[in-house]
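A.B. asks: Just passing along the structure, written as structure tokens.
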Amino acid sequence: MAGERPPLRGPGPGEAPGEGPGGAGGGPGRGRPSSYRALRSAVSSLARVDDFDCAEKIGAGFFSEVYKVRHRQSGQVMVLKMNKLPSNRSNTLREVQLMNRLRHPNILRFMGVCVHQGQLHALTEYMNGGTLEQLLSSPEPLSWPVRLHLALDIAQGLRYLHAKGVFHRDLTSKNCLVRREDRGFTAVVGDFGLAEKIPVYREGTRKEPLAVVGSPYWMAPEVLRGELYDEKADVFAFGIVLCELIARVPADPDYLPRTEDFGLDVPAFRTLVGNDCPLPFLLLAIHCCSMEPSTRAPFTEITQHLEQILEQQPEATPLAKPPLTKAPLTYNQGSVPRGGPSATLPRPDPRLSRSRSDLFLPPSPESPPSWGDNLTRVNPFSLREDLRGGKIKLLDTPCKPATPLPLVPPSPLTSTQLPLVTTPDILVQPETPVRRCRSLPSSPELPRRMETALPGPGPSPMGPTEERMDCEGSSPEPEPPGLAPQLPLAVATDNFISTCSSASQPWSPRSGPPLNNNPPAVVVNSPQGWAREPWNRAQHSLPRAAALERTEPSPPPSAPREPEEGLPCPGCCLGPFSFGFLSMCPRPTPAVARYRNLNCEAGSLLCHRGHHAKPPTPSLQLPGARS
């Protein structure tokens with residue numbers, strides 16, 4: 001049909017971006033320029049919200065809501081990741097640009113971009129098995145070969161990602177998705193919103209650590225301490241995921257024992273592992289959780305170890321015989337954390353198709369598992385106020401400009417080079433433009449100061465408040481000399497991380513807003529040199545929109561709706577192609593000012609000090625009546 005839009009789809013496993021099954025789109029024997037192929041691929045990947053139906057909400061995160069949708073023309077089922085924060089569009093664009101360049105069976109497949117009211121929303125493939133965390137918490141029996149295959153899939157995806165010069169920084173069992181097939185399960189790695197270029201450590205360069213970001217339960221100890229870190233932080237997170245696979249317990253320290261220095265408590269963890277667990281699999285998980293980053297093996301070696309362990313596993317048949325040899329381990333066994341396994345585990349019975357952890361129900365939050373001793377275990381994440389028990393997500397703010405991550409392998413380092421940090425090129429970027437101030441021009445200062453005089457330390461238990469706009473450029477009050485700059489977001493702690501609310505304790509008038517299904521707190525980094533604000537102002541101040549979602553009060557029905565700020569195409573979905581002549585995203589006309597400027601009217605109503613005591617002066621007399 002003439003004028004019919006081509007169906008939305010992503011490139012195949014062997015296709016390059018912009019190429020379809022028939023080549024570049026010009027027929028056999030006709031070559032097309034690369035700009036044409038890039039333009040065709042970009043336009044065919046664009047969609048609108050009206051192009052989909054049968055939306056079903058299947059999840060929600062800190063920044064987005066996930067929907068299962070079906071394309072009306074092609075009938076293809078996909079996942080629409082709707083961005084909730086307008087200020088998070090830079091991170092969304094970075095994730096879209098990175099996923100558009102990744103092609104691997106164990107990396108979540110990118111399908112296209114949905115543009116709606118100036119916002120970008122990613123379209124990915126639908127995984128019918130949910131997340132790995134959901135699979136492990138279900139009563140689904142998982143044999144050891146199945147768990148080894150899942151671990152191998154994740155390791156292969158991360159090996160491919162690291163080979164491209166990028167590391168994940170937020171690898172969790174929540175971000176690993178599972179596909180159910182007739183032959184078994186397949187795991188893929190998703191959620192690349194915090195991915196970063198692998199830093200190259202060289203001598204003689206400035207040491208500047210990367211931002212402290214990620215989910216605390218899976219973050220490496222060096223990241224939580226604010227030290228220099230690299231792609232080996234993903235290896236530690238992978239070790240925590242392996243512990244979840246082996247014991248089928250959540251990563252919460254109430255179930256997965258941890259040490260006070262954020263390491264793995266190996267003796268306590270061994271009490272959760274059955275005798276049928278393959279010993280090399282257990283040792284590999286312990287090795288990945290090593291406290292020293294340099295002793296953790298890269299994913300090229302981890303995938304080899306997992307393949308060797310799988311070769312030693314017998315087939316899932318009742319008459320299978322146990323193997324005579326165990327899988328060789330070439331990694332350094334001295335890198336095991338304190339209290340490593342001192343005794344060899346008994347060889348598992350290969351006739352069992354189900355592991356010992358499958359025979360018990362998933363742990364209940366009301367009854368944490370017993371670890372075989374009478375010692376009181378302490379959650380190390382609850383000892384630091386900035387981590388709030390670990391049930392938050394650490395983010396980097398302000399959002400970086402949308403610059404494509406270079407997909408080039410990192411230069412190999414010799415063993416004699418010292419791990420010195422250089423500032424990645426992706427960090428040297430101009431600041432993003434601040435949003436226009438939408439506050440009332442002549443609003444009095446009293447309501448803004450009243451928040452510091454509230455009786456309670458916590459915010460009011462009302463609904464969501466209006467997000468705080470950046471109005472620093474138009475502030476009439478100069479900064480007093482000799483004082484440290486005040487924090488616009490929250491108070492900087494000793495570890496230069498500040499929190500917005502707690503997610504580990506029930507709500508009270510002094511602990512923050514009420515809890516919901518999603519993790520209610522988002523932690524952002526603050527510069528180390530900022531001082532504390534007086535009067536505990538940070539407990540009542542709102543963070544920027546890039547850190548926490550705030551919704552504005554709904555305007556009256558008669559008021560015109562203010563359109564979202566348009567996003568120019570050279571910096572959004574077509575940014576990687578650098579087309580200066582193309583503009584695909586809608587740019588609505590500027591909105592009319594929401595409030596009247598009352599500066600002229602308010603001037604006559606103000607009573608200035610010193611003038612109210614003057615006696616009234618007589619005015620001119622009116623002429624008298626004449627006969």
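Glycine residues also receive a Cβ, built from the backbone N, Cα and C atoms like all the rest.
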A.B. asks: According to Swiss-Prot, which residue among Arg89, Arg338, Arg468 is annotated as omega-N-methylarginine?
C.D. replies: Arg338
A.B. asks: What whole-number Å value do you get for the CA-CA distance of Val66 (ATP binding site) and Asp170 (active site, proton acceptor)?
C.D. replies: 18
A.B. asks: Given the recorded positions Ile58, Ala60, Ser64, Asp170, which lie close to Ser215 (phosphoserine), meaning Cα to Cα within 10 A?
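C.D. replies: Matched recorded positions: Asp170, sequence order.
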A.B. asks: Within 10 Å of the Cβ of Ser64 (ATP binding site), how many other Cβ atoms are there?
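C.D. replies: A count of 21.
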A.B. asks: In three-state terms from DSSP, label Ile58 (ATP binding site) for me.
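C.D. replies: Once the DSSP labels are grouped into three classes, Ile58 (ATP binding site) ends up as strand.
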A.B. asks: Using a 10 Å radius around its CB, how many other CB atoms surround Ile58 (ATP binding site)?
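C.D. replies: Its Cβ has 14 other Cβ atoms within 10 Å.
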A.B. asks: So what's the average pLDDT for the region 'Required for interaction with YWHAB' (421-525)?
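C.D. replies: Averaged over the region 'Required for interaction with YWHAB' (421-525), the predicted model reaches a pLDDT of 43.
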A.B. asks: List the Cα distance (Å, whole number) between Ala60 (ATP binding site) and Asp170 (active site, proton acceptor).
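C.D. replies: Distance between the two Cα atoms comes out at 16 Å.
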A.B. asks: Please state whether DSSP places Asp170 (active site, proton acceptor) in a helix, a strand or coil.
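C.D. replies: Where Asp170 (active site, proton acceptor) sits, the three-state DSSP reduction gives coil.
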A.B. asks: Three states by DSSP: which one describes Ser215 (phosphoserine)?
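C.D. replies: SS state of Ser215 (phosphoserine) = coil.
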